[in-house]
Amino acid sequence: MGPVSVWQWSPWGLLLCLLCSSCLGSPSPSPSVGPEKRAGSQGLRFRLAGFPRKPFEGRVEIQRAGEWGTICDDDFTLQAAHVLCRELGFTEATGWTHSAKYGPGTGRIWLDNLSCSGTERSVTECASRGWGNSDCTHDEDAGVICKDQRLPGFSDSNVIEVEHHLQVEEVRLRPAVGWGRRPLPVTEGLVEVRLPDGWSKVCDKSWSSHNSHVVCGMLGFPSEKRVNVAFYR
């Protein structure tokens, strides 16, 4: 499926997202150490991204040294998916995907020729070509399908940390026009974030394309474009 340009806007945060465009196996091997002792993953963050997808599946993205990147599907196996699903807070994997099924990512391709036994405590214990060493393109991004069952006590790694230690766990777009006049998924609207006391809008003071890029990423889109502000005003 080719890329489709779609508009997204908010008077408190203007953005336009670019909408880009399994393998079943055996049960997950038991990790040698429980997930609460994943010391090998310190300094790394994990998230699921892409479209279309459910909350427990998607393109695997890893943040290393402050930069988000993907994993190449070369030599990828269900055993690697088991390890990554545990990194993401799920009990195990039920499948994995290749050839950027959830759309191509952006940035670095952090891992290539990833080889895991399935019992590793962290993806850092798996063999690979080394961090950032890859001959792949993002058309080869790997994805995972995790079992929709969370590890007890796991702190969601998809939480985005912002200033003053405020945590934004969910972002949504509220359509600027009637629901009946816009197809699903919602790709254009007012940016709102869910805080502990409910949904709130975002002020547009100092808003930039970098903010748009972050919000688009949280919504599963890999990029953004400028919006026709005059249309809404």
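Glycine is treated like the rest: Cβ placed from N, Cα and C.
Since we're looking at a predicted model, the values are computed, not measured.
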According to TrEMBL, the disulfide-paired cysteine of Cys85 among Cys116, Cys126, Cys136, Cys146: Cys146
Bond partner of Cys136 - disulfide, per TrEMBL - picked from Cys72, Cys116, Cys126: Cys72
Per-residue Cβ crowding (10 Å cut-off), top of disulfide-bonded residues Cys72, Cys116, Cys126, Cys146: Cys146
Residue from Cys116, Cys126, Cys136 whose C-alpha is spatially nearest that of Cys146 (disulfide bond), among the disulfide-bonded residues: Cys116
Disulfide-bonded residues listed as Cys85, Cys136, least Cβ neighbours within 10 Å: Cys136
Model confidence over the domain 'SRCR' (171-233) (mean pLDDT, whole number): 72
